[in-house]
Each structure stands twice: as C-alpha cells, then as structure tokens.
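Asks: First the structure, then my questions, so here it is.
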Amino acid sequence: MAPPQGSRAPLEFGGPLGAAALLLLLPATMFHLLLVARSGPARLLGPPPYLPGPEALWSPRALLLWLAWLGLQAALYLLPARKVAEGQELKDKSRLRYPINGFQALMLTALLVGLGVSAGLPLGALPEMLLPLAFAATLTAFIFSLFLYVKALLAPASALAPGGNSGNPIYDFFLGRELNPRICFFDFKYFCELRPGLIGWVLINLALLVQEAELRGSPSLAMWLVNGFQLLYVGDALWHEEAVLTTMDIIHDGFGFMLAFGDLAWVPFTYSLQAQFLLYHPQALGLPMASVICLINATGYYIFRGANSQKNTFRKNPSDPRVADLETIATATGRQLLVSGWWGMVRHPNYLGDLIMALAWSLPCGVSHLLPYFYLLYFTALLVHREARDERQCQQKYGLAWHEYCRRVPYRIVPYIY
Ligand SMILES: NC(=O)C1=CN([C@@H]2O[C@H](COP(=O)(O)OP(=O)(O)OC[C@H]3O[C@@H](n4cnc5c(N)ncnc54)[C@H](OP(=O)(O)O)[C@@H]3O)[C@@H](O)[C@H]2O)C=CC1
Ligand SMILES: CC(C)CCC[C@@H](C)[C@H]1CC=C2C3=C(CC[C@@]21C)[C@@]1(C)CC[C@H](O)C[C@@H]1CC3
C-alpha cells in the first residue's frame, strides 16, 4: 500500500469540510437546475418547484441506457487512432501514450445516432428521461470514484497526484488520489474528460431540438443557435484533443469525485441548460439580434482558438514561423513564456474568449430569466478559481520569470478590469 503523499500540499476547496459540502452541493445544484428548467417560473434562486420522489429518479431503463452510452464511448476510444500522442514527463521520467481519436468518436456517434433515428429511434423522448439519466450518471460517478479511491491504495507512490493525498479520506475521495489511473492502455481520466460528457452534452442538445420540432413544428432560431454554438465548442475540443494533455486536470489533478462527477454528470446535464430552458420557455428571436449574438460568439471563438493555438504551437516548436517573431521571457526551466501576441494582452486570453462565448450561449434565451445565465456565472467563478490555481503553479515552476511576466502583463483575464 502506498503511503499518503503530498500531506504538506496546501489544501484546496476549503479542505475536508469544503470537499464534504461540495460532495452534496454539486449533485444538489445539478438536480435543482434540471427541475427548475422545466418549471413555469424557472427561478434560479427560488426553491425547487417540487422534490422528485424515488420513482422520478430511479429507472432501470435510464441506468441501462447510460451504461450502454459509456460502453459505446469506451468501444470508440479503443478503435485504432489516427495518432498516438505522448503526455508530459511524469515523476518517474516516463511518458504515457494517449489515442487521438476523439473527433472520430464524435463522427461515429453522429453516424450511429443518424442510423438509429432513421430506423425509428425516438430521440425526442430523451428529454423526458433527463432526470433519471442524471441520477444514473451521479450514481455511476460515486461508485466509480470509490473504485478509483481503492485502486489508488494499490498504486505506487510515484503514481499519486501532488494534491488529493492529504490522508483525510473525504478530501482525498473528492480531489482524487491517483494522477493517471489506467487499466492497460485505457486511461480513465483522459477518457472521461472528453468523451461521454462532451459528446453526451451535444446529443442532449440535439434531442431537445428534435423534441422542440415535434412540439412546435420546427426548432426555434434560438435553439438552432445554442445547438450550433455548443456543437462548435465540443467539435473544437475534440479536434484539438491533444491540447488537453497539457491542462492542469491531466498533469496536476488526481482523478476523484470532482472530475468524475464533473465530466460524467455535470457537463452533459448542466451545460445543456440553455437548450433545456428553451424547450420549456420558447423565445422569439429576430434576425438582427441573432446576427449580433453570432458575432459575439465568433469574437469569443476567435480569441479562444487564437490564444490556445498560439500557445500550443509555441510549446510544440518555438521556432515555428507563426510564433517565432513573438517576444518571450526566458525561465530557469529552459522553457520560455510568451509576452506578446494573445499572451501579451492578458495572462489568460483563452479564458476571456471562453467567457465571451458563454455569454453568447445565454443571450438566445432572452433576458427575462436568470436561469440560462447560470453557466456564465458558474463559469466565471470556475475560471477565476482556476486562474488562481494556475498562477500558484506557474509561480512555483517559473519563480522570478513569472513575476516578470506578471509585471509586463498585469491583467489576468479581462484587459484593464481584472
Ligand atoms: N468549458 C469548461 O468547463 C472549461 C474550459 N476550459 C478551457 O480549457 C482551455 C485550457 O485551460 P487550462 O488548462 O485552464 O489552462 P491554459 O490552457 O490557459 O494553460 C495554462 C498553462 O499555460 C502555460 N502558460 C501560461 N502563460 C503562458 C505564456 N505567457 N506563454 C506560454 N505558456 C504559458 C503554463 O503552462 P506551461 O508553461 O507548463 O506550458 C500554464 O500552466 C482554456 O481554453 C479554457 O478556457 C477550462 C476549464 C473548464
Ligand atoms: C463539478 C465541478 C464544479 C468542476 C468540474 C470541472 C469540469 C467540468 C471541467 C474541468 C476542466 C474541464 C475542461 C473542459 C470541460 C469541463 C472540465 C471537464 C474542456 C474539455 C472543455 C472544452 C475545452 O476546449 C477544453 C476543456 C479542458 C478542461
């Protein structure tokens, strides 16, 4: 059994108490949102319209459907990949290998769903099952996190994450103990981060669009926009799948309840909130307003993609002609930091673009309700917290060079504001 490691790592998320609260609060918030989205007043801050009984949550059919979905995505993960990428160097100097076939999984899923629908699969019935499906996903996330916790007890010390090994079982269960839990080539964290949740999210959106068409004759312009924008976001993430290998989730955080629940339940069932809201609260959207919203989404995407691609290109090859002219700061690690281009504007230009897109996803839902803006509010909090965590890690990694970067680029996410 591996000894607890990283017991001196600073505790995050409010320590064991914070972790215990989040263990309950996150699923409760998700169910609250699901219930409120389908209620008439759709009040984000009010009490839930009713408390669902066990019969509304528990459905063996929904559980089977959910497990079949996980099985399908796992099978697609195991198909031959166009590329196998190497991850960052680990503590023991080794590098793990990851299949790059997420976009292929999205395309094959679309093909299978298309075939299923033409053979009579009632996709429009899916929105009626969201509550029991979310319950099945939550249950799976709890059981899976328990499995991950026990699996980490058998892992060598070198396989443990820097945080998540405090010795407090609740905290460690929440944060995750093992960095890259795997069985052979199957990497659980990498699989969950991009496949079942993200692809599930756009499938739920599509089912909501289909049900709206069945109810009202055709999908609304607002529903088309939300579906289109979010499909672009998910397609982009899977097309640039390799970039996820350098995120803090993969290289720093353990795999525990936070990410398992986040990836498997939170993403598909709360990120589809705008489309859920639109099904029950149709919004009239004129072409001029729709054009403005498209422009906002395009601006956000331009910044998001430009910033992410610039950094990824630079990290892969600093002499690449697309980034070779950019100004940089040398660091003691041998790596450089960009101080011009997107990364000279603010220290997290990609977060800025992501937040602008989040606004564009809510605007088609009008301004009569706060509920569709939940994603924007939650995401702002998530990115501010994430930026602070990344800042701490960069300070540790780059020391004085990071201070110099902060002096040269004083704003974190929004120029002249934050
Ligand atoms: N929709 C959602 O729920 C979420 C979306 N996201 C999105 O995912 C994407 C990835 O985000 P995330 O993993 O948080 O972080 P980033 O992609 O912003 O990566 C941060 C890392 O970039 C490197 N870096 C920072 N500054 C510079 C610089 N000036 N020059 C070169 N490298 C630099 C550092 O790592 P190093 O030096 O080691 O390379 C740092 O640790 C973002 O676009 C974000 O918006 C993230 C979380 C949730
Ligand atoms: C449940 C908690 C409140 C927190 C859960 C956080 C997770 C939902 C997110 C942590 C990092 C994520 C990333 C993405 C999706 C959300 C989670 C899993 C992306 C895959 C989204 C698309 C981007 O292009 C890349 C992102 C990487 C990080």
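Each residue, glycine too, has its Cβ placed from N, Cα and C.
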Asks: If you look at how TrEMBL annotates this chain, which of 8-26, 255-273 comes out as transmembrane segment?
Replies: 255-273
Asks: Who are the chain neighbours of the transmembrane segment (129-150) in space, where the CB to CB distance is under 8 Å and they lie at least 6 residues beyond its ends?
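Replies: Cβ under 8 Å, 6 or more out: 27, 30-31, 34-35, 52, 56-59, 61-63, 65-67, 70, 169, 172-173, 176-178, 181, 188, 204, 255-257, 260-261, 264-265, 268-269, 276.
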Asks: With the transmembrane segment (255-273) as the reference, find which of 102-123, 285-304, 355-384 contributes the most Cβ pairs under 8 Å.
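Replies: Stretch with the highest Cβ contact count: 355-384.
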Asks: Where else in the chain does the transmembrane segment (355-384) make close Cβ contacts, counting only residues six or more beyond its ends and a cut-off under 8 Å?
Replies: 33, 36-37, 42-45, 221-223, 225-226, 229-230, 233, 270-271, 273-274, 277-278, 281, 283, 285, 289-290, 293-294, 296-297, 299-301, 303-304, 348, 413, 418
